[in-house]
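See below for the structure under consideration.
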Amino acid sequence: MDKLVLGGHEFNSRLLVGTGKYGSNNILPEVIKESGSEIITMALRRVDLDNKQENILTYIPKEMTILPNTSGATNAEEAVRIARISRKMGCGDFIKIEVISDTRYLLPDNEETIKATKILADEGFIVLPYMTPDLYAGRRLIEANAAAVMPLGAPIGSNRGLQMKEMIRIMIDELDIPIIVDAGIGKPSQAMEAMEMGADAVLVNTAIASAGDPVQMARAFKLAVEGGREAYIAKTGNVSEFANASSPLTGFLGNL
């Protein structure tokens with residue numbers, strides 16, 4: 001069976017979801033259910049063990065794999081510190097590295113991300129680094145023992161789609177590591193396109209959370225990701241510059 005494998009762990013769903021920007025946390029369980037997702041990311045600052053109502057973990061089903069992120073880190077040192085706190089709080093070994101010092105476009109700092117990835121991978125973390133699409137940075141993250149790489153499709157929260165499509169395509173073609181397209185995906189059709197290209201998974205948050213009906217949108221993304229993966233495995237037909245008839249154009253009337 002076709003499974004997503006991250007750090008030796010197998011997952012049936014190739015859709016990862018987030019926890020931010022929802023009007024109410026109460027909708028999260030239903031969103032997660034309809035998405036079919038098995039991995040959910042969250043900022044560590046949203047975990048409040050002393051306040052059940054404010055603790056995001058209260059709303060996440062126990063069977064989900066938690067992917068804490070280092071949101072708020074502006075350099076490798078801060079990201080490493082957040083990851084270690086996450087482990088001490090019982091959030092497990094998965095960690096999504098986010099190192100962002102740019103406050104306007106929120107673009108990840110690849111150099112600091114590589115540094116943090118190496119340190120945390122050496123400590124036994126299953127590291128999924130969020131990155132600006134770049135082949136050379138991707139290779140260095142592999143050398144740093146990342147479990148996957150997470151190139152952005154467009155600036156985070158923008159819903160602009162796959163603006164970095166060609167750079168992501170190069171990474172898919174050249175890197176022997178799971179590629180999870182993260183950030184910028186605004187429509188199910190864009191998630192499907194990423195999967196048709198050969199991405200191993202996508203992470204979607206804003207597009208679901210900001211939808212008129214987040215629950216229905218979660219299901220739409222589930223179906224899109226599944227359809228895109230099926231199309232990639234089936235291998236789409238060749239693109240032709242000219243028309244090609246699907247039925248013979250000659251000989252029929254002459255035989256009557």
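From the backbone N, Cα and C atoms, a Cβ is placed for every residue, glycine too.
With A183, G184, N205, T206 listed by Swiss-Prot as binding 1-deoxy-D-xylulose 5-phosphate, the candidate from G138, G157, G237 annotated for that site turns out to be G157. T206 (1-deoxy-D-xylulose 5-phosphate binding site): 18 other CB atoms within 10 A of its CB, across all protein chains. Among the listed binding-site residues, namely G157, A183, G184, N205, the Cβ with the most fellow Cβ atoms inside 10 Å is that of A183. Between G184 (1-deoxy-D-xylulose 5-phosphate binding site) and K96 (active site, schiff-base intermediate with DXP), the C-alpha separation comes to 17 Å. All protein chains considered, the CB of K96 (active site, schiff-base intermediate with DXP) has 27 other CB atoms within 10 Å. Apart from G157, A183, G184, N205, T206, the 1-deoxy-D-xylulose 5-phosphate site neighbourhood in this chain, defined by C-beta within 8 angstroms of the site C-beta centre, holds G18, A154, P155, I156, S158, N159, D182, I185, G186, V204, A207.
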